[in-house]
Amino acid sequence: MKQTIRFGRVFGVEIGANWSLLVLILLVAHGLSTVVLPALAPGQSTTAYWTAGAVCGLLIAGSLLLHELAHSVVAVRAGLPVERITLWMLGGASVLGGEPASARAAFRIAAAGPLSSLGLGLAAGCGALALSALGAPELIVSSTWWLGSINVVLAVFNLLPGNPLDGGRILRAILWWRTGDPDRAEIGAARAGRVLGVVVTALGFAQWLSGQFAGLWLILVGLLIGTVAASESRAARMRVALGQIRVADVMAEPGVVAHDAMTVDQFLAGIVPGLPEAAYPVVDLDGRAAGTVELHSLVGIRRSLAPSTRIAEVRTPLEDVPLAQPTDLVADLAVRMRQDALALVTESDHRLVGVVSRRDVARLVQGAPLRPTGQEPYPA
Ligand SMILES: [Zn+2]
């Protein structure tokens, strides 16, 4: 999820939001001001309802941020860097800079989010009772009560046992602890996530068909759960198949390399006849990786244009090419490669040091033996 706005850093974690967070805030404000609050606290002006609705929308975004921050703080304490937190339409996402070191750490990181939502929910509930006792306006009491209940719902929903929900992460930590194998535990939690995705989507449909708009939301969430779970399951299977093999072990020397300044004609003339590759690396004038070109797209350039078209104009730019460093795991690269024919291996200064083709990875997956399951004791 792309960050459209950056708010700054908290605990060294970059906090930002995607524009779609606005959709969430507006939907919450709309639903509260037109349906929920008029029912809970009747007899107020439209302005009052909309003001309360907008404040609650913003506070919901704040609640999501606190939920994600709770994950992050526990992760940072466990020695795991957290790159960023992005809030968006369907909630928040924390990008961790690695894997928890143990099942226990994974459990704590996962449980921190729902616990904070539950805490917020209880605090808001107590706050609403106190405000009511002090004789605060009904609109404020109802809004506070609603905020509390939504946070409790958020905690409970997130605890559903399937990846990528927190409940799935907790399930994975438990499976990891019991089997000693984080990747097989991930496959189990991802499988549960795929089932959960189907169930949530189906519930959403049922709700939508019964005339409730919120059903659409649930359908989106269900589809997201299913999709993410499927890709996480693929990644975990890849890790099981490829184990600890590093990119340096499988990368090939970059053979034929295209230069940004070459014309398509010049490059095509230099390819070894009879030994064409599906794609070639491209470097810039300083020898740094600049992207890739696919042979079929070069051949597709009309003959009359080939002498005047530069490789720089037709290459796939570096930001769209799967990249790896020699010490990276092949399994992680394989997940990033998807449909790409070629991945580039660079040093930290972007100097091209090797290439990995999809064909090589596919061969490796077919031929590689399964990694033996290591028994890791649960840390005391
Ligand atoms: Zn969470």
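Even glycines carry a Cβ here, placed using N, Cα and C.
Features of the protein shown, as given by TrEMBL:
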type     : residues             : note
ACT_SITE : Glu68                : active site
BINDING  : His67, His71, Asp166 : Zn(2+) binding site
DOMAIN   : 320-366              : domain 'CBS'
TRANSMEM : 21-41                : transmembrane segment
TRANSMEM : 47-67                : transmembrane segment
TRANSMEM : 109-133              : transmembrane segment
TRANSMEM : 139-160              : transmembrane segment
TRANSMEM : 215-231              : transmembrane segment
Range from 21-41, 47-67, 139-160, 215-231 with most C-beta pairs under 8 A to the transmembrane segment (109-133): 139-160
Same-chain residues near the transmembrane segment (47-67), Cβ under 8 Å, at least 6 residues beyond its ends: 15, 17, 21, 24-34, 37-38, 85, 87, 91-92, 113-114, 116-117, 120, 139-140, 143, 146-147, 150-151, 154, 158
DSSP helix/strand/coil residue counts for the domain 'CBS' (320-366): 18 helix, 15 strand, 14 coil
Zn(2+) site shell beyond His67, His71, Asp166, criterion: Cβ within 8 Å of Cβ centroid: Glu68, Ala70, Gly92, Ser94, Ala110, Ala112, Gly113, Pro114, Ser116, Ser117, Asn158
Distance from Glu68 (active site) back to Asp166 (Zn(2+) binding site), taken between C-alpha atoms, in Å: 11
Chain-internal residues near His67 (Zn(2+) binding site), provided their CB is under 8 angstroms and they sit 6+ positions away: Gly92, Gly113, Pro114, Ser116, Ser117, Leu120, Leu154, Asn158
Secondary structure of His71 (Zn(2+) binding site) (DSSP, helix/strand/coil): helix
